[in-house]
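> Below: one structure in structure tokens.
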Amino acid sequence: MRGAVPGLSLALLAAESGARLCAIIHYLVRGQLGWFGLTIACLVPGYAAQLLSILWFRADGHPPTCWLLALHLLQLGLWKRAAPNFPKSGWAACHGDPCRYWDVLRAAAETGGSAGEVLAQLGDVCVLRLLEALLQSLPHLLLQAYVVVAVDPAGFIPGVSAGLSLLSLAWALVSYSHFTCLLRPGHLSPPAAVILCLLLWRTGMLGTRVLALVLFARLYSFWVFAVAGVHWLLMSFWLVAQQTDIVAQPCRWRLFNCLLGAVYIFCYINVRPGPSKTRVAVFYAVSTWNILYCTWM
């Protein structure tokens, strides 16, 4: 199972990108320029993750080259790695141009995430992939889900694209949880059954949240922003009350809480050390109330 994880991760990324491209072509061919433009617009936030990847390359002592900038401009920066200390194989060993995502995941699978440098690089990849999924896959998922529910219920391509975006986002959350688990002393890589259960749980939770918001938007149009706004305010104030110290500067700390509060509209991400049972219970209590309220309305 460990050896299959890199291939599955890359296959999922490729499938999601291919389905997104098919959706763009689908709207263009059918003359639905509004949905075409909105689908293109969902790609723009993903450049934040690409910019962060470039900054991390520079911080690691690898100045960005024209080839590296071109890859990030095409939103392929996550697949590129410049760390020379990992064992390279095949074409990468000969040319010194390995794939970041493949090599890091392969090294983590072979070592079980125990090597310090492998774990650090795995953390970079997981954080970047999670950021890209939240900024790009999530808006795309919401848009395509709305198209399928409210505009074109028989649309096959938008439905497949939405399903792959949902699976990709769930896998990014599972990968991040896997990485945080490896950070704890004495914790080993979880077995395949645990990873599968986490994936099913994340997929189910995200799917119900997205479906509830989409159905509410179909019935009450822009009132969905009021419901999401109330949830965002509650989560942001709750994060402020927890006094998270992941960001030191006050301005960035407030911005971090506001952004994470927006993420909490859809899913829970643990950013504090220690037991999280109480925080998880509070989050899902508020989320369940939100879903019931949307359904009742």
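Even glycines carry a Cβ here, placed using N, Cα and C.
TrEMBL: automatically predicted annotations, no manual curation.
TrEMBL lists these features:
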{"type": "TRANSMEM", "residues": "33-57", "note": "transmembrane segment"}
{"type": "TRANSMEM", "residues": "145-173", "note": "transmembrane segment"}
{"type": "TRANSMEM", "residues": "193-215", "note": "transmembrane segment"}
{"type": "TRANSMEM", "residues": "222-241", "note": "transmembrane segment"}
{"type": "TRANSMEM", "residues": "253-271", "note": "transmembrane segment"}
> Same chain only, please: residues at least 6 beyond the ends of the transmembrane segment (222-241) with a C-beta under 8 Å from a C-beta of the stretch. Say none if there are none.
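Apart from its flanks, the transmembrane segment (222-241) reaches 213, 216, 254, 257-258, 260-262, 264-265, 282-283, 286-287, 290, 293-294.
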> I need to check the long-range neighbours of the transmembrane segment (193-215): which residues 6 or more away from its ends have a CB within less than 8 Å of a CB in the stretch?
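Those are 1, 141-142, 145-146, 149-150, 166-167, 169-171, 173-174, 177-178, 224, 227-228, 265-267, 287, 290-291, 294-295, in sequence order.
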> What residues elsewhere in the chain lie close to the transmembrane segment (145-173), defined as a C-beta under 8 angstroms and at least 6 residues from its ends?
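That would be 9, 12-13, 15-16, 19-20, 22-23, 26, 35, 126, 129-130, 132-134, 137-138, 199, 202-203, 206-207, 210-211, 214-215, 217-218, 267, 269.
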